[in-house]
């Protein structure tokens, strides 16, 4: 005679982690959306220089919202509750939403990292650093393609992913999740470390350089979320109650994705606060000079050479922290009449045929 099925208390069947996941799925995307909207306002209306990294982060935000919607469907269909308390139809619906959320999460995360790397390319002056940025971008895009494609071949037929009654075969899900999570962590660490090497060669004030490294390094919080998510994936891989243990993976995914979006957008908001809360910043830092202004003249003796040095400040992120580059212009003193002595304000518009040599400037768009 077969043993009777186990019985579960009403309290056990009523337990749910769904409300916690719903709260996280609402709060974090909402904060990220607010920051992204402020970023777009800053880039479009204040500095008038929206670029491809802004559109990449906007696309990432769309996928973040899609991920949150998928998680909401999972909660509605039993995620966060014990498997014994939901129906088979609910379980299948929850797993369908889980599959969709894996796709949207990976796309959103890859677009966020793409946006960050494009920002790095705006400030990378050293040729080797630019090569590293491009290589890292290629790595991110290749990993994105891998996660997207494997999402459709995790199970063959695909429906077996959410309905194990269907005959077919599946890749080892736990191994696949671990590999992808490990790749994410490597990328996150690279994004945190790269600014340190990239900015040390820029001619910036030490204080501004440290601030910029800290701001760009805020992605370290996303790295921590990736590590916590990896631990949650391990718990999910060994669990016998998938719907009960899945929320930890889901909310760490939400935190990682949206914190990444927020951190990628924070450096672009300085111009916004400089405009509406100017007391927060030193006005001497928040300015852009005309590149043909601020010349100073230095004589090296009669019949020698005169040097005009130009101090040029260009915004790294258009209205953000500024990089100060010294550009020197050497002009042969062949005729004294070439240099008007009464030009005390540094305007050299009357100079004729100067010989100009200047180092290559960072590519700022």
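Yeah, the Cβs are placed from backbone N, Cα and C, and that goes for glycine too.
The feature transmembrane segment is assigned by TrEMBL to 20-42 (among others). Residues 50, 54, 57-58, 61, 64-65, 67-68, 71-72, 74-75, 79-80, 247, 250-251, 254-255, 257-259, 261-262, 265-266, 268-269, 271-272, 319 of the same chain lie 6 or more positions beyond the ends of the transmembrane segment (20-42) yet place their CB under 8 Å from a CB of it.
Averaged over the domain 'Rhodopsin' (38-274), the predicted model reaches a pLDDT of 89. Look at TrEMBL and you will find 38-274 tagged as domain 'Rhodopsin'.
The annotation transmembrane segment is assigned in TrEMBL to 54-77 (among others).
Taken from TrEMBL, the feature transmembrane segment covers 97-121 (among others).
If you look up TrEMBL, you'll see 133-159 (among others) marked as transmembrane segment.
As annotated by TrEMBL, transmembrane segment applies to 179-198 (among others).
Annotated transmembrane segment per TrEMBL: 210-230 (among others), in sequence order.
The feature transmembrane segment is assigned by TrEMBL to 250-273 (among others).
For 334-365, the entry in TrEMBL reads region 'Disordered'.
Annotation comment: TrEMBL describes 336-356 as compositional bias 'Polar residues'.
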